[in-house]
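Here is the structure we will look at.
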């Protein structure tokens, strides 16, 4: 039976750009004028400039003492055909002190027809003739992928992974409980989620992953999604050369050793100088640099110090042949002067793609950070290393950099990051200054001479390095401000048309039985204005976008997993978020995720916060759709919270602690400990603290393996009873307007 992916046939509207190619061929009789020619023979070069496009200025090399230069150099401009695009041509003479303009000319690109190619002469000073060859064509193959569907690589992964999971589930559940697994259509999609929470989340998630690996649950999962601190563990695990052949146990031993050191040891003058100088190369190439870059280097040096050149793209090798779950990471795009709780676009990262589902725009990971215009790369840079992305994914800590390093004057050492961030909005994080202009380090006119250019760059570098060093290691105003510490990247959606918005669940006939009523949607979980502006579009005119830690809106990466294209049946989430005390209700982040899902018309089981009053604090809670016959697309959620309950009595599930030492090692609080060993701001974990938190979550996970297995069995049966779970009947789809005409001619369609 062949399956059709209906999301593949949804039209994500975008306007095609034009590629304008200019070949600077040659010039004859270049002159500086009668008197100027008597003093010096011209050293000509040509500058091309179109103000309406990024990467707008191009230039040829120069020739010494040549009045009839032949360049034969080709340049490309990506243009918006709706703009009045004018090419400015400037003939220049290179000098040591100040370059001299010999003449200028203009050419209206609108005078060219698409598909046309011609040579055009330009006359300067009534003597010099320059010949340019110009051509104009449509960019029919943009570098962005415009689609609501998953990319082909992920679809291939899912097919392979289902084959593997089918056998793994039979082994996990035994022949009786897995008898419903007749084909891959019966295989449920299981996703594992890890929250933010700094090193507390990272260490806790390391224990979780060890338990899931050893129990066989990880072999039955399709996705592992992380946010902030959990992404740091995922990065450590997936970048390790021995994973997945080697399990988390040995890798966690390495991690424990790495986080036992004080992070201030990474801020020796020699190391900081090396960090900053390496970033100068990035800045001088035209890429934005913020404190997030430096924080990413510190995180990388701590966790993946021998793998600093690893990239996100390189992790594709780990999921080849679907040997392990596909890792998904996330951050937020935010706007200046708008609280991230009011507006934030979720950006998803996988080894295959980076993009925003809200706009149906995706790119390969090696293009993230490159300069785009209308969906086409106009300037490509090297792929950002994984440690830079780790800094972006956990950038809340670069915002409060001084607290992380322990040099803050604050006496409230027990306060959580969440408490400190309550009064921070995007306007404190995002610098809304003139840096939106292109950042290429450009010398003044006259630096064409290589020695002068080198001297100019060295002076600039020395000044910049000095400022950054002073900001890091002194109590300067720059060090104590939060402004400008968000990650900053070139806007990959610059120049696109966002007149049409796309719901995150475009094919779903959202019925009133499983939706929120108005009172529920109006009820605030954390803030009266939460999610108030989530339907607003991104600013496609801004040259830069700011990306921050997703935990600044809510601390669980549900938006990645709730995309209906992924068809997740069972979500196992682990919440390491800070709470006021160990006995506080643990559902704040889950309730925010629920509200976000309902506002985006995505199925989500009803979260009953009063279960805490009825049943008290537990290691995990199960939330199911109340009416499975109606809520056919609604996943089941097993929600683990950070709690030390049974671990105090048992050293393994069913095995009591007996000795005094065994009891003492497990007798600890997480949020009520006055020493705050598990504070969100703690970036040094002595071996005992690491083992306590790691072993606690290892135990909690293993102690509830039967809960997970039972949910998997129910998901298999649910799949069998609802074979059309991922199918779409066009007659029931409200979003028919999004389909192309060819697809609408089909009577029905089913997805994979």
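Yeah, the Cβs are placed from backbone N, Cα and C, and that goes for glycine too.
Owing to the predicted nature of the structure, the values given are computational and were not obtained by experimental measurement.
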Out of 334-364, 365-395, 396-426, 427-457, which range is noted as region 'Disordered' by Swiss-Prot? 427-457
Scan 284, 314, 727, 745 for the residue that Swiss-Prot records as phosphoserine. 727
Could you list the residues of the same chain, at least six apart in sequence, whose Cβ is under 8 A from the Cβ of residue 606 (SUMO2 cross-link)? 594, 623, 625, 626
Which one, from the recorded positions 228, 268, 549, has the smallest tally of other C-beta atoms lying within 10 Å of its C-beta? 268
Residue from 268, 541, 549 whose C-alpha is spatially nearest that of residue 228 (active site, nucleophile), among the recorded positions: 549
Quick check on the domain 'C2' (6-122): DSSP residue counts for helix, strand, coil, in that order please. 13 helix, 54 strand, 50 coil
If I take every residue in the domain 'PLA2c' (140-740) and average their pLDDT values, what number comes out? 83
Work out the three-state DSSP category of residue 228 (active site, nucleophile). coil
Residue 549 (active site, proton acceptor) to residue 541 (SUMO2 cross-link): how many Å between their Cα atoms? 23
